[in-house]
Every structure is written in structure tokens, then in C-alpha cells.
Amino acid sequence: MASGLGSSLVLLVVICLQSPQGFNAFPQMSLSNLFTNAVIRAQHLHQMVADTYRDYERTYIPEDQRFSNKHSYSVYCYSETIPAPTDKDNTHQKSDIDLLRFSLTLLQSWMTPIQIVNRVFGNNQVFGNIDRVYDRLRDLDEGLHILIRELDDGNVRNYGVLTFTYDKFDVNLRSEEGRAKNYGLLSCFKKDMHKVETYLKVMKCRRFVESNCTF
């Protein structure tokens with residue numbers, strides 16, 4: 001029975017990931033499945049961003065400069081200006097609505113920069129999957145709004161009130177300064193998507209009493 005249930009859940013997630021309608025393809029999903037779907041989508045998005053970051057680093061950043069660039073360009077990200085938790089203790093102290101609100105803020109802060117990257121670098125080998133990254137951003141954003149409505153008795157409020165956006169990526173990849181700026185932005189993007197993934201895992205774990213809620 002457990003094996004059959006697990007297979008069904010995996011099939012559901014695969015269908016959702018492939019469906020162009022995203023979360024709306026399954027409007028009657030249980031809350032548990034909505035969280036499962038959101039977590040897997042966040043994991044997938046985080047991995048895609050991490051792969052893009054890795055490919056960019058290998059292509060444009062000399063090995064002897066990589067650690068220095070990480071420290072000088074990605075130590076500070078705009079997301080650090082919002083009161084989103086940065087460690088597991090603070091994360092567990094936040095309500096689910098707060099964590100969803102922070103997640104929405106992080107997702108929405110990248111919408112415009114990634115949309116521009118998609119237009120400018122769509123044919124670039126390193127940024128070849130950036131169109132899918134943008135689609136995943138929008139889809140997960142939609143899914144988090146659905147979760148908020150489920151948790152807040154159907155109310156639709158402006159939870160993305162902590163509005164900010166990142167700088168545009170530099171289109172001049174021949175410029176060392178431009179390459180370094182993009183490297184720092186990708187580092188922040190990866191860091192922010194890891195936060196979103198972690199917040200969703202914590203919410204799912206504590207709501208459905210999974211064995212280990214430390215991430």
C-alpha cells in the first residue's frame with residue numbers, strides 16, 4: 001500500500017512539473033500535496049539556478065579569482081535588507097504566513113532581472129535554460145499564492161509588500177567588471193532560492209509531522 005501511494009505521489013509531481021498550467025492543473029489538491037508540489041518545484045528551481053551559476057563560473061570566472069569574487073560581490077545581497085530569517089532557529093520561530101510572504105518577496109525580486117536576462121542572453125550557452133528558470137519562478141510564485149489562500153481562509157491580501165528588485169545583469173560579458181557583477185547576482189539568486197526551498201521544507205515538515213525538521 002505504501003509503495004503504491006509513493007508511486008502515485010511521484011507520478012503527480014512529474015505531471016505537475018510537465019504541465020504548462022502548473023498548480024492550476026490540480027485545483028482540488030490537498031494541502032499536503034500542495035506543499036509537496038511546492039517543495040519539489042523549489043528544489044528544482046534552486047538546482048537550475050545552481051547549475052547556471054556553476055556554468056557561468058566555469059565559463060567566465062578564472063579559477064584564481066573565484067573565491068575573491070564570491071567574497072567581494074556576494075557577501076551582501078539585497079535580500080539581506082528584509083527581515084527574512086537566515087538561520088534555522090529564526091526560521092522555526094516564524095509563522096507559515098510569514099515564511100510564505102518572505103518567499104514571495106524573494107521570488108518577485110528576481111522576476112524582472114531574469115526576464116531581461118532571458119531576452120538578452122536567450123541564445124547564450126551558459127544561460128540556455130534561463131527561460132525555464134523564469135517560467136519556474138512564475139509558476140512557484142503562483143503556487144505560493146494558492147498556499148496563502150489555503151492557509152488564510154481564502155483571503156487574498158498583498159503579502160508581497162516588501163517590494164524590491166535586484167539590479168539588471170550586465171549585458172557586456174567582455175567587461176571584467178560586468179562579468180563580476182553578473183557573478184555576484186547569480187550568487188545572490190542561488191542563495192535566495194535556497195532560502196525559499198528551506199522555508200517551504202520547514203513549513204511542510206512541521207505541518208505534517210515529518211521525522212526531522214532540521215535543514
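Using the three backbone atoms N, Cα and C, a Cβ is placed for every residue, glycine included.
For the recorded site, His44 (Zn(2+) binding site), the DSSP three-state label reads helix. Look at Swiss-Prot and you will find His44, Glu197 tagged as Zn(2+) binding site.
Look at Cys188 (disulfide bond): DSSP puts it in a helix. For Cys77-Cys188 (among others), the entry in Swiss-Prot reads disulfide bond.
The disulfide bond annotation in Swiss-Prot covers Cys205-Cys213 (among others). Look at Cys205 (disulfide bond): DSSP puts it in a helix.
Per Swiss-Prot, the feature signal peptide maps to 1-25; the stated evidence is experimental evidence.
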Set of same-chain residues at least 6 away whose C-beta sits under 8 angstroms from Cys77 (disulfide bond): Ser187, Cys188, Lys191, Asp192
Site with most surrounding Cβ atoms, counting all protein chains shown within 10 Å, from the disulfide-bonded residues Cys188, Cys205: Cys188
His44 (Zn(2+) binding site) to Cys205 (disulfide bond) - Cα separation in whole Å: 18
